[in-house]
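As written in TrEMBL, here are the features:
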DOMAIN    B:5-239  domain 'Carbohydrate kinase FGGY N-terminal'
BINDING   B:T13, B:T14, B:S15, B:T254, B:G298, B:Q302, B:G399  ATP binding site
BINDING   B:T13, B:R17, B:T254, B:G298, B:G399  ADP binding site
BINDING   B:T13, B:R83, B:E84, B:Y131, B:D232  sn-glycerol 3-phosphate binding site
BINDING   B:R83, B:E84, B:Y131, B:D232, B:Q233  glycerol binding site
DOMAIN    B:248-438  domain 'Carbohydrate kinase FGGY C-terminal'
Amino acid sequence: MSHVPGLIQSIERSSAVLRLLAADRLRVGEVAEALDLPKSTAHSILRTLEHVGFVEQDPRTTRYRLGRGVLDLGSAGFDVNELRGRALNWADALAARSGQEVRIGVLRDRQVLVVHHVFRPDDSAQSMDTGRLLPAHATALGKTLLAYHPTVASAVAREGFDAYTRRTLTNRQDLARQLGETRARGWGLAVEEWRAGQAAIAAPLRTSGGLVVGAIGIAGPVETVCDTRRQARQALVEHVVGGARSISRDLA
Amino acid sequence: MSDRYVLAIDQGTTSTRCILFDRKATVVSVVRGEHPQSYPKPGWVEHDAARIWRDVQRLIGRALREGGVVMNQVAAIGIANQRETVVLWDRDSGQPVAPAISWQDVRTEELVARVDSTLVRDKTGLTPATYFSATKIQWLLEKHGLRERASRGEVLFGTMDSWLIWNLTGGSHLTDVTNASRTMLMDLATLDWDLSLLSAFDIPREMLPSIRSSAEIYGHFEGVPIAAAIGDQQAALFGQTCFDPGEAKCTYGTGGFLLMNTGTTPVRSSHGLITTVGYRIGDEPVVYALEGSIATAGSLVQWFRDGLELISTASEIETLAATVSDNGGCYIVPAFSGLFAPHWRSEARGVIVGLTSYITKAHLARAVLEATAWQTRDVVDAMNADSGLALTALSVDGGMTADNLLMQFVADFLGVPVVRPMVAETVSLGAAYAAGLAVGYWSDLRDLRANRHRAGRWVPALDSPKRAAEHANWRRAVECAVFFSR
């Protein structure tokens, strides 16, 4: 197989494997022969493609075929219930360590869909938020998600912003600047932008390759979450970012 | 460094876990090692007890290292274990004399059929089944020609707790009362081995461990007290802090295990539930529990994924089920190997009823989740009837609590709130709590309760006429499963 300098050979080879499997169900050896590759190379490519869901191996025949990931390319990505299942223990740990309530959100129709909610560990009366939609531009979860989804961010900006408090971001420039800051430091912050007296910190959840599929965050009273300069408390940021990293490791 | 911790060993069916907890019952470190299941013949399931002991030693070291803790910071070690699994070992060499027979193993079906079930039920509170230890011991003594050595006390029996305590303490032969209650050999009233049962199974008294409470110091390992042993489901009940009569927990895994605290007198079930020991703290009165199991919970979702191939991961069942707003009139009764508590119709077979051309795979997904919730309702109804107590909330744990829709169904069908605790590792936590109580790390049950926090709570959203109508449909579906018996 010829290789054009400047292009990445393993991606070319992976694409060839996908084209082969689109036509036939093949064993490792057959893939290697068809592309004139060492069997170990073909095997590594197939295993990587299997890991990202683009191919599957039939356990009975040991033959490889295209995986559901290829068919789902156009859809939202990670199953939200799968996301909750994988994140469950880490989300509990985050709530226990931070003493705040925890939510996991994904983007849905330019809003944040809450897919998991862990109560604040103080046994006060609280109700489950799972299934609820939150405004993306006014929450830490939303700003974190928008920071990594530029087209959704532009759509949100085009639609205009509802103001929930006097601190809600209501113009494009402010939002764009904050999304840039969120990307630069790797976490998002919202202070009294949705509910007065409330602040929140969130960080992205990534699958393999770094794709952001959701965000996890804590929310609580502004004086608990922030210091006197209304900046996020460093210890809480570390809990959130650490939790997000642990979940991302499990998702990759 | 004055911080002290409690270490829990959860010796389970497929893996062993070691978890280090701090005083607020927060997980400091978790390590886990899987051990192989061996299936030498159809229906046989064996474990290598020596391997499990090696795993435990290795995992204790790893749990301490990952938590950045040294052994003398551990206040106590507690053990929770897979119940009923039988280990026989040589007293002198300390080596197993045969592979351990797992609770899942059904090789003793014929021996169980010969058991005097009235005697067993009256004495032990158990309905004879292959799960329990007695027939497995009987089988091993017979097939390996060990009875004579056992009667001289040269070959010893233990469930996993005993085996680990023996090794950890360097030769103390003990078990706790919850594990003993699952052997089919212990009298529930005297809490001692029953001679009539021992002679019925032809098991020598000399090979049995002495029965102790679930929380006391049994001995030491590297200077640290071994201070608790408790069967895994009872440990979950304790970890969920179900300390008052009428409080119950359900663990949702492959199957489901529902235990209700019934207080200090054993409640005999007239609805096919098991009467068992919940726990005993030192010299305090023993606390009993009713136990009912849901045969198919997670395994029904696995069947939906692997048998029907309608989803690719277990979590997707919720995604699929949520695409429709009701079951479309379709019900699945997963009586794959008969109906269990409270129906006990082993000849029944699973059915899907209410099919019309309107039904899609999404309705089936919903019916799958509803089936788990209805089975929970059946067991809860039986417990309420037996105990005369009315469940006011159900504490839940286990992998399936990640399924939000299922938890909502359970709340809807029971008509009571369903509560998920902050610490998901309730089995390990129960063992840690019992051990911590025994050494005074925690002062009393109130102290333990203070650690309990709700992570989530689902409240019933179904109105009662609708619940009653759906329940009637479920019961008709169950009748269909009985009608379609083998």
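Each residue, glycine too, has its Cβ placed from N, Cα and C.
Automatic prediction, not curation, is the source of TrEMBL annotations.
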For the binding-site residues B:R17, B:R83, the one whose C-beta sees the most other C-beta atoms within 10 angstroms: B:R83
Distant-in-sequence Cβ neighbours of B:E84 (sn-glycerol 3-phosphate binding site), under 8 Å, six or more positions away: B:W103, B:Y131, B:F132, B:S133, B:K136, B:T159, B:R182, B:T183
All-chain count of other Cβ atoms within 10 Å of B:Y131 (sn-glycerol 3-phosphate binding site): 23
Close binding-site residues near B:R83 (sn-glycerol 3-phosphate binding site), where close means Cα within 10 Å, chosen from B:T13, B:R17, B:Q233, B:Q302: B:T13, B:Q233
Integer Cα-Cα distance in angstrom, B:G399 (ATP binding site) to B:Q233 (glycerol binding site): 15
Residues that sit under 8 angstroms from B:Q302 (ATP binding site) by C-beta distance, when 6+ apart in the chain: B:T254, B:A314
Pairwise Cα distance maximum in Å, glycerol-binding residues per record: B:R83, B:E84, B:Y131, B:D232, B:Q233: 14
Spatial separation of B:D232 (sn-glycerol 3-phosphate binding site) from B:S15 (ATP binding site) - C-alpha basis, Å: 13
Candidate with the highest Cβ count within 10 Å, taken from the binding-site residues B:T14, B:Q233, B:T254: B:Q233
Euclidean distance between Cα atoms of B:R17 (ADP binding site) and B:G298 (ATP binding site), Å: 21
Where B:E84 (sn-glycerol 3-phosphate binding site) falls in three-state DSSP terms: coil
Those residues of the chain, 6+ apart, with a Cβ under 8 Å from that of B:T13 (ATP binding site): B:Q37, B:Q82, B:T85, B:S102, B:W103, B:Q104
Of B:S15, B:D232, B:G298, B:G399 (the binding-site residues), the residue whose Cβ has the fewest other Cβ atoms within 10 Å: B:S15
Rounded Cα separation (Å) that holds between B:Q233 (glycerol binding site) and B:T14 (ATP binding site): 15
Site diameter for sn-glycerol 3-phosphate, Å, by largest Cα distance between B:T13, B:R83, B:E84, B:Y131, B:D232: 14
